[in-house]
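A short worksheet on the structure shown next.
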Amino acid sequence: MSSSPQPTSPQTTAKENGGGGNAMALFVIASCQLMVVLDITIVNIALPDIQRSLDFSTTSLSWVVNAYTLTFGGLLLLGGRAGDILGRRRVFIFGVLLFVFASLLGGFAQNEGQLLAARALQGVGGAIASPTSLALISTTFREGPERNRAFGVFAAVSAGGGAIGLLAGGILVEWLNWRWVLFVNVPIGLLIALATPRWIKESERHPGHFDITGALTSTVGMVLLVYGFIRAAQDGWRDPLTLASFGAAVVILAGFILVERRSTQPITPLHMFADRNRAGTYGIMLCLAAAIFGMFFFLTLFVQNVLDFSPLQAGLAFLPVSAVIAIGAGLASKFLPTYGPKPFMVVGAILAATGLSWLTLTDVHSTYAGSVLGPMLVFSLGMGMEFVSLTLMALSNVPVRETGAASGLLNATQQVGGSLGLSILVTMYGTASRNEAEEQMRLFQSQATPAERQSYERTGELPPPWGHEVLTAGVSSAFIMAAIFTVVAALIALLAIQVRPSDLERLKGGAGPPGAV
C-alpha cells in the first residue's frame, strides 16, 4: 500500500533539494509571480485593439483592467490563508491552473461579457497563486543569505514585472494580435504547474476549518474597497456610488476585525499588526504601491501621447526599470545581513522621491533620454531596495503555519495602495489638466489654424501643442502627489522601523526556524 509524500519543514526541504533544486524552485515561484504581475499591465497596451475587435464602449473598456484588479485585490487574504490550511503547493498549482484556464477563455472571447468574466476569473487565480508563491519561499529556503537572495529575486519580479508587461504587450500586439496577451499565459502556466511537483515540496497542512464568516467579510469588504477606488478614479470622490462603496467597505471590514478577534483560526491573525516593524512595513508598502502604480500609469500616458511612442517603443522605454530594480534588489539582499533593512527602506524611499520629483519637471519639450530615463532609473533603484526589504520584514519571525496569511496581507496592502494611489493621482491629474485647459483654450482660439480648428471640432480634443500642454500639466501634478507618498514612506521607515539584534541574526541565518510548523 503506497503512502503519500510527507510534508517537510523549510530546513529539510532545503537539504533535500540542494542548491540546484532550490534554484529551480525559485525559478518556478518567480515565473508564477511574473505571470501574475504581467497581467496587471500587459493588457493595457492591447486596450485599443480590444475595443475595436469586440466593440467595447469607452466606459466598459476600463473594466478589462478593473475586473482583474477587483477580484485579485478582493481575494488575496483568502488566497493566502488557503495555502496555510490546505497545503501551499496544492493551492499554488490550483491557482496557476485556474489562471491558465481563465487566460484561455479570455483569448477566445467573442464579446465584451465573455472577456470581462475571463479577466475576473484570472484575478481569482492570481489571488490564490501570488500570496502562496511568496509563502513557498519561506518554506523552501533557509533563513539567511539563501532566503535573502530568494526574496530579492521575488521582489525584483514583483516590482519590475509591470515594465516587462508593457514590453511584452507591445511586442504581442504589434507582431501578433491582442488575443496573445492572454494566450501567452497558457504555455507558461502549464509549465509552472508541471514543474512544481518536481521542484517544490508540499508544506505541512494545518488541520482545521476555514473561518467562513471571516472569509466572506474580508472578501466582500476588500472588493468594495477596491471598487470604491476604481469608481473614485472614474467618477470622482463625490460620486454617490463611490461613497456608498467606501461606507459599506468600512462597515464590513470593521465587522471582519471583530470576527477575527474572536476566531480560533482567523483568515488574518490580528496579532501580526502588534509587531511594530510589521505594521510599519504595511504602511510603507501602502505608500510605495501608490507611487509605483501611478508612475507607470502616467509615464505611459506621457511617452505615448507627448513623445509619440508606439506601444512597442513604450515597452522598450520601460525595460531599464526592470533591470535597475533587479540591481537595487540584489544590492539590498547582499548587504541586509550587515546593515539590516531600515537603511534600505529609508534610502530607497528617498531615491524614489528624488526620481518622482525630477519627473515633475517634464514638459512638452522633454525628450526620453534627457528628461525621462534618468529619473526613472533613480526611482527604480530605490524601489528595488525597498521591495526586498519590505518582503523580508513582513515575513520575518512569522510562524510557518501563518506565512500564507502574512503573504496575503502584504499583497493585499500593495493592491489597496495601488488602487488608492491611482484614484488620488487621477484626481490630481484631472484638476490640474482642467485648469491648464482653460488657459490653453484661450491660446488655441487666438493661434490655431483653420485645419487645427477643424480637428478640434471633429474630436473635441485640443490638438498639439495645446493638448500636450494640458496633459503635461496634469501628469506633473500627479508626479508631485506620487513623490509625497514616497516621502511619507521614508518618514514611516525612519520613525517606525527598529532593527533588533534578533532580526540581524535571522538575516545572517543564525536564528533557526522562523516559527513553529
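Using the three backbone atoms N, Cα and C, a Cβ is placed for every residue, glycine included.
Note: TrEMBL annotation is automatic and uncurated.
Feature list (source: TrEMBL):
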type	residues	note
TRANSMEM	25-47	transmembrane segment
DOMAIN	25-501	domain 'Major facilitator superfamily (MFS) profile'
TRANSMEM	59-79	transmembrane segment
TRANSMEM	91-110	transmembrane segment
TRANSMEM	116-138	transmembrane segment
TRANSMEM	150-172	transmembrane segment
TRANSMEM	178-200	transmembrane segment
TRANSMEM	212-230	transmembrane segment
TRANSMEM	242-259	transmembrane segment
TRANSMEM	280-302	transmembrane segment
TRANSMEM	314-332	transmembrane segment
TRANSMEM	373-395	transmembrane segment
TRANSMEM	470-497	transmembrane segment
Residues from the same chain, set at least six apart from the ends of the transmembrane segment (25-47), whose C-beta lies under 8 A from its own: 17, 61, 64-65, 68-69, 72, 92, 96, 99, 119, 122, 126, 129-130, 133-134, 136-137, 140-141, 150, 153-154, 157-158, 161-166, 168-170, 172-173, 178, 181-182, 184-185, 188-189, 191-192, 195-196, 199-200, 296, 300, 311, 314-315
Proximity of the transmembrane segment (212-230) to the transmembrane segment (280-302), 3+ C-beta pairs under 8 angstroms: no
Close approaches to the transmembrane segment (59-79) from elsewhere in its chain (Cβ under 8 angstroms; 6 or more beyond its ends): 39-40, 43-44, 47, 50-51, 91, 95, 112, 115-117, 119-124, 126-132, 215, 218-220, 222-223, 225-227, 230, 234, 267-268, 405, 408-409, 411-412, 415-416, 419
Residue numbers, six or more beyond the limits of the transmembrane segment (314-332), whose CB comes under 8 Å of its CB atoms: 45, 152-153, 155-156, 159-164, 166-171, 296, 299-300, 303-304, 341, 344, 348, 368, 372-373, 376-377, 379-389
Beyond the flanks of the transmembrane segment (373-395) by at least 6 residues, Cβ under 8 Å: 134, 138, 147-148, 151-152, 154-156, 158-160, 277-278, 281-282, 284-285, 288, 292, 295, 299, 317-318, 320-322, 324-333, 336, 341, 344-345, 347-359, 403, 406-407, 409-410, 486, 489, 497, 507, 514
Sequence-remote partners of the transmembrane segment (470-497) [C-beta within less than 8 Å, at least six residues beyond its ends]: 276-277, 279-281, 283-284, 287-288, 290-291, 294-295, 298-299, 301-302, 305-306, 341-342, 345-346, 349-350, 352-353, 356-357, 359-364, 382, 386, 393, 421, 424-426, 428-433, 435-437, 440, 462
Local confidence of the domain 'Major facilitator superfamily (MFS) profile' (25-501) - pLDDT mean: 83
